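Here is what Swiss-Prot says about this protein:
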type    : residues                     : note
BINDING : 8, 9, 10, 11, 12, 13, 14, 15 : GTP binding site
């Protein structure tokens, strides 16, 4: 079983990414998936996932989704004091046998990271609508995440974001750690994303090459 932490600023596409990867892992790889969401003041993301993946697509049983309302700084619940998320993990694992558990952080800044006792693998999500400056600015989330996902590349021409600049800056900041440029709306770059995720799952012994 692998715990995948997904974090990034508000509106970058974290929930959409989790929904996409869950559909892929369940339908294409035959894996069992659980999801924990963190929101500051509501369970909006958990409700959305429940409506889309449980009710509409029928990909997950309802007991595989847990929503947490943190009521404070989003990073506290995933880093400084992850106890509420650890309890949610324990609850999920008692309910059913799972291969992958996604833990979605509440929207936060580029300094956010997951505690290593909470997540085995981390994905930081940026989007081009926020501009092309973020990879170059660094921050622990961008630097230390196992995978950096730059989402909404279809919007780059409309917001003046230079994708090549973002690519160069990411390579400089992240060294040999992977970065993928995707659009979850158009499907651009999705093959690269899946290749990286599959590679990690192969290392964990969850799927075969």
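Heads up, the Cβ atoms here are built off N, Cα and C, so glycines get one too.
What you see is a predicted model, and the numbers here were worked out from it, not measured in a lab.
Summary of the GTP site environment: with the site residues 8, 9, 10, 11, 12, 13, 14, 15 set aside, the chain residues having Cβ atoms within 8 Å of the Cβ mean position are 107, 125, 127, 151. Per-site Cβ counts within 10 Å over the binding-site residues 8, 9, 11, 13 peak at 8. Residues within less than 8 Å, Cβ to Cβ, of residue 12 (GTP binding site) and separated from it by at least 6 positions along the same chain comprise 107, 125, 126, 127, 130, 151, 152. When secondary structure is read from DSSP and collapsed to three states, residue 10 (GTP binding site) falls in the coil class. Sequence-distant neighbours of residue 15 (GTP binding site) (same chain, 6+ apart, CB under 8 A from its CB) are 37, 45, 48, 49, 104.
Cβ neighbour count for residue 14 (GTP binding site) (all protein chains, 10 Å cutoff from its Cβ): 26. The Cβ of residue 10 (GTP binding site) has 12 neighbouring Cβ atoms from other residues within 10 Å, across all protein chains displayed.
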